[in-house]
Ligand SMILES: Cc1ncc(COP(=O)(O)OP(=O)(O)O)c(N)n1
Ligand SMILES: Cc1nc(C(=O)O)sc1CCOP(=O)(O)O
């Protein structure tokens, strides 16, 4: 266990129901209305993830989403450091093949949130040392949203949670039923795409997920 940090930019409670957007699940609805419904249903964190969008598209989407996301719900952009900087998002989420955590911290400054995807304890320790505020660990279960995601088992998830003093959020195939598997792992929350955004009633899906997560975490 590392020594405790002086302060947290990202409180563990904020990671409880972490909504990751994906335009391919919207089915004719706008992203803004879907994210609003997710927030109204209890999403505690939002990540704008659009792998096909340009930096300027992301900045524009970020501006629109900011208007519907409550001020106390952190809002980060996936992968694109420049978009996060220009759009003045609350931070960025980077993977192992994106901008390094140190670079994200240098560019965004000390106040912003930097989340990092990790799959091993060594990566978790490195990201934590480099100034990450939270870690995303997955994929816990196979998922159609990202079929190429490498598997991470529950034992590794627990080891990662024990090895760092920053909060960890699990991702990949999590829904109202599968979140039960997170009990006792030490995670701060669950990050979900399709269990929210593929639902016909996103508000209701968020409520159900939030209750299911509250029962196990
Ligand atoms: C909360 C959270 N955890 C993990 C990921 C995956 O990020 P990354 O490895 O950068 O992969 P892509 O999202 O870019 O496909 C995430 N986005 N969010
Ligand atoms: C964006 C993403 N990253 C993953 C990883 O394991 O790194 S899994 C994933 C998609 C999660 O989608 P769903 O909630 O629909 O399963």
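Glycine too: its Cβ is placed from the backbone N, Cα and C atoms.
Remember, predicted model here, so these are calculated numbers, not experimental data.
The domain 'Thiamine phosphate synthase/TenI' annotation in TrEMBL covers 17-196. As annotated by TrEMBL, 4-amino-2-methyl-5-(diphosphooxymethyl)pyrimidine binding site applies to 47, 48, 49, 50, 51, 78, 117, 146. Sequence annotations record features per position, and here TrEMBL assigns Mg(2+) binding site to 79, 98.
Among the binding-site residues 48, 50, 79, 117, residues whose Cβ is positioned under 6 Å from ligand 1 are identified as 79, 117.
In this structure, 117 are the binding-site residues from 50, 51, 78, 98, 117 whose C-beta falls under 6 Å of some atom of ligand 2. All chains included, 19 other C-beta atoms sit within 10 angstroms of the C-beta of residue 146 (4-amino-2-methyl-5-(diphosphooxymethyl)pyrimidine binding site). Of the recorded residues, residue 79 (Mg(2+) binding site) and residue 48 (4-amino-2-methyl-5-(diphosphooxymethyl)pyrimidine binding site) place their C-alpha atoms 9 Å from one another. Note on the domain 'Thiamine phosphate synthase/TenI' (17-196): mean pLDDT across this stretch is 96.
Its own atom aside, the Cβ of residue 51 (4-amino-2-methyl-5-(diphosphooxymethyl)pyrimidine binding site) has 11 Cβ atoms within 10 angstroms in the protein chains shown. Counting only the Cα atoms, the space from residue 50 (4-amino-2-methyl-5-(diphosphooxymethyl)pyrimidine binding site) to residue 98 (Mg(2+) binding site) is about 14 angstrom.
Comparing residue 49 (4-amino-2-methyl-5-(diphosphooxymethyl)pyrimidine binding site) with residue 98 (Mg(2+) binding site), their Cα atoms are 13 Å apart once rounded. Here the Cβ of residue 79 (Mg(2+) binding site) has 20 other Cβ atoms within 10 Å, regardless of which shown protein chain they belong to.
Long-range Cβ contacts of residue 78 (4-amino-2-methyl-5-(diphosphooxymethyl)pyrimidine binding site) within its own chain (separation 6+, distance under 8 Å): 20, 47, 48, 49, 50, 51, 92, 93.
In the three-state DSSP reading, residue 48 (4-amino-2-methyl-5-(diphosphooxymethyl)pyrimidine binding site) counts as strand.
Spatially close to residue 117 (4-amino-2-methyl-5-(diphosphooxymethyl)pyrimidine binding site) yet at least six residues away along the chain are 93, 94, 95, 96, 135, 136, 137, 138, judged by Cβ distances under 8 angstroms.
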